[in-house]
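*Asks:* Feature annotation from Swiss-Prot assigns active site, acyl-thioester intermediate to C168. Summarising the annotation, Swiss-Prot assigns substrate binding site to R70, G71, G72, Q73, V74, T75, Y76, H77, S137, L138, G139, G150, L151, A152 and lists sequence analysis as the type of evidence. Annotation source Swiss-Prot lists domain 'BPL/LPL catalytic' at 31-206. As annotated by Swiss-Prot, site 'Lowers pKa of active site Cys' applies to K134.
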Amino acid sequence: MELDLICRDLGVVDYAETWERMKQFTQIRSKDDADEIWLLEHPSLFTQGQAGKEEHLLAPGDIPVIQVDRGGQVTYHGPGQLVAYVMVDLKRLGIGVRDLVSVLENSVVRALALNAIEAYPKPDAPGVYVDEQKIASLGLRVRRGCSFHGLALNVDMDLTPFNRINPCGYQGLQMVDMKRLNKGVILSNVKAQLANQLAEQLGYNYPAIQQGWK
């Protein structure tokens, strides 16, 4: 049975609720359930991954910090950052975790190229970079052979909260967003571009984007 990729546009949603829905989706899905990508933004918060160290939280202040079950260290989420949660059956796709990381990175690089931004991944530091500045962060978890969590692409956002942490555990790492590199960037366009690139890299047709959870 050939399955389509389901892609959902969820708008701005609470992190804790979305995290719980991801875990539930992954726990109960069967081998016959379609893979899904959730596109969304979160209100301001820091998330600390499984490898996270307290010393990289420099001065969180009034921004909440949530300890989560993804890989990686601390990062910031906020309005104007496009988050893509990628829930795919790795075994069914015939790929491993490292392959999925490459899919996410290559999808971001291609979406950025469509906006006249030249970017690249780094083999020793997952994510996507422009002139040594980080524009997209990755963090994944695999359970029962299926992935959840995903990537965060800085589109048009306030980057100052990143100064309160060592992003992804790297002291002095500079962050950048698309708007600073291309004034014509529109988040809704980037959303569709990223969805299409993710689908193509995963071997799917371009998806119709559904609004909301259902």
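Yeah, the Cβs are placed from backbone N, Cα and C, and that goes for glycine too.
Map the listed features onto the structure and describe their local environment.
*Replies:* With a 10 A radius on its CB, C168 (active site, acyl-thioester intermediate) counts 23 other CB atoms from all the protein chains. In three-state terms derived from DSSP, C168 (active site, acyl-thioester intermediate) belongs to a helical segment.
L151 (substrate binding site) carries a strand DSSP state (E or B). Cβ neighbour count for L151 (substrate binding site): 25 (other Cβ atoms within 10 Å of its Cβ, all protein chains included).
Reduced to three states, the DSSP call for K134 (site 'Lowers pKa of active site Cys') is strand.
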*Asks:* Across the domain 'BPL/LPL catalytic' (31-206), what does the pLDDT come to on average, as a whole number?
*Replies:* 93
*Asks:* Count the other Cβ atoms sitting within 10 Å of the Cβ of R70 (substrate binding site), across every protein chain shown.
*Replies:* 22
*Asks:* Does V74 (substrate binding site) have same-chain partners at least 6 apart in sequence with Cβ under 8 Å from its own Cβ, and which are they?
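*Replies:* F46, T47, Q48, G49, G52, H56, L57, V65, I165, N166, P167, C168, G169 - these are the non-local Cβ neighbours of V74 (substrate binding site), listed in sequence order.
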